[in-house]
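Q: Positions annotated as Mn(2+) 2 binding site by Swiss-Prot: D285, D296, E471. Under the heading Mn(2+) 1 binding site, Swiss-Prot lists D296, E433, E471, citing similarity to another entry as support.
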Amino acid sequence: MGTYPAFSGSLQLPEQRLHGTSNLHPAGGYRIELQVQDATFDKYPAKQHAQRVAAKLKKEKGLIFLMGQKAALLEDSDQETRFRQRRYFFYMSGVNEADCDLTYDIQSDKLTLYVPNFDLRREIWMGPTLGPEEALKRFDIDEAKYQSFLEGDIKQWASCSGHGSTIYILHGSQKPTGDFPNVLMDSETLKPAMNACRVVKDEHEIELMRHANRVSSAAHIAVLQGIRKMTNEAQIEGSFLNTCVSLGAHNQAYGIIAASGANAATLHYSKNNEPLKGRQFVCLDAGAEWDCYASDVTRTFPTAARWPGTEAEQIYALVQNMQESCILRIKEGVRYLDLHYLAHDILIHGFLAIGIFKAGRAEEIKKSGASSLFFPHGLGHHIGLEVHDVSPDSLFAQDNDRTTDSWLFSSTYLSPCTASSPTLKSGMVVTVEPGIYFSQIALDNAKSEQLKHIDMDVVKRYMAVGGVRIEDDILVTKDGFENLTLAPKGQAMLDYIQQGNGSCNI
């Protein structure tokens, strides 16, 4: 059992969050109230995860060994690096503490955690470290021991298991310490099996991701409520971090992107230090982490409670249409790459309507790759213990004889937005994050077959928009989806900017 800052208060959500079939825009908007208070959470289901991995391995015997992240010092310094637990280790332990290892004996179904040996000096300076007795109370394990027992326990297991027994490890560099001459070290089999398990989330994992999204959505709302008084991108980043930390989320799932104006056309902009004056839009891509689980949320908004111009409003509406059209089609069995193609189709028809693309056949424009100049990334990716979470391709990818539209596809796209990815499965969590970007460097390096479809005189009117991206985290269900992300969009977003005091209580 653990004590964490927990969700509390009232929450008004769009109906689609629960059912995935209704209006994406609740008439009353969104209301999130979060506060820090003590609450008891169930144990992370580490033992169930170990059993799932063993079943995926399809082995009756063997020992799984996973090495946790070690505490380390910065180079030429006595200061420790920021600790980040190895995600595969966390998946089978639920332990977010340094210097731990674990074993899982497949045959006996025994999960053992090894914690750091008692160190009096460290206890005095840094406080109590995790001991065996506490570990047994807090975590879903069968046994807890000090690290000093690990080598002897593995040797005893090897002796009982016989010559040629196998220890399954993630990497050759993560072998258990010691000499085990009659044991095979298999570093090829475990990772694909764990990936196949990690990509489909259980209810405990989903609830952690719901809470990460609650915190992130509250932080996005706090930015909206304060944006009219902000003058620099750094203040946006600071506001977001302040809300997250105040609500108990001390880690971000990735580096915050607070990009205003033309900076929003840089997909992974990170400087976050330019003035907002004269900029039409801010693209804020930021997501908190909760108990090692990520959220990934992007909102694009003006610095005032109104659209900065016709062009900005048109592009925002087009991206919102791209996103919502794709989200509404999500359910088990859908091929995600088809949603990526749908987003491009909507972009192309939208650009034809506003004149960015010259009159012509949409299919010809599509084949030229012209739309990829403005939407150069994949529609989304898996999310979980990593913001760009693992892919299941290696174990249950399916043959797909459908032609890949190479003009809309890049080898840099992440699963499930790849040709080899399996169809969506209930329990997967994916992002849906279409965007439209007016990048001068992309246009300057465009191919002639792309440029012939683009009216550059019209494009000039839209360059000041910079970039618009909207991103939500979507849980796939049997019959539809659940949108885990609660931050407002569109008119509801403008209303929060106008209110400036709102109802996101911290």
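Positions of Cβ are set from backbone N, Cα and C atoms, glycine also.
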Q: What are the other residues, in sequence order, whose C-beta lies within 8 angstroms of the center of the C-beta atoms of D296, E433, E471 at the Mn(2+) 1 site?
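A: For the Mn(2+) 1 site the neighbour list reads D285, G287, V297, T298, G380, T431, V432, R469, I470, D472, D473.
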Q: Among all protein chains shown, how many Cβ atoms are found within 10 Å of the Cβ of D296 (Mn(2+) 2 binding site), not counting that one?
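A: Around D296 (Mn(2+) 2 binding site), other Cβ atoms within 10 Å: 27.
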Q: Give the distance between the Cα atoms of E433 (Mn(2+) 1 binding site) and D296 (Mn(2+) 2 binding site), rounded to the nearest whole Å.
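A: Spelling it out, the Cα of E433 (Mn(2+) 1 binding site) and the Cα of D296 (Mn(2+) 2 binding site) are 9 Å apart.
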Q: When you average the Cβ positions of D285, D296, E471 for the Mn(2+) 2 site, which other residues in that chain have a Cβ within 8 Å of that mean position?
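A: Counting only non-site residues, the set is A286, G287, V297, T298, T431, E433, R469.
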Q: Going by DSSP, give the three-state secondary structure for E471 (Mn(2+) 2 binding site).
A: strand
Q: Look up E433 (Mn(2+) 1 binding site) in the DSSP assignment and report helix, strand or coil.
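A: In the DSSP reduction, E433 (Mn(2+) 1 binding site) maps to coil.
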Q: Which of the three DSSP-derived classes (helix, strand, coil) applies to D285 (Mn(2+) 2 binding site)?
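A: Reduced to three states, the DSSP call for D285 (Mn(2+) 2 binding site) is strand.
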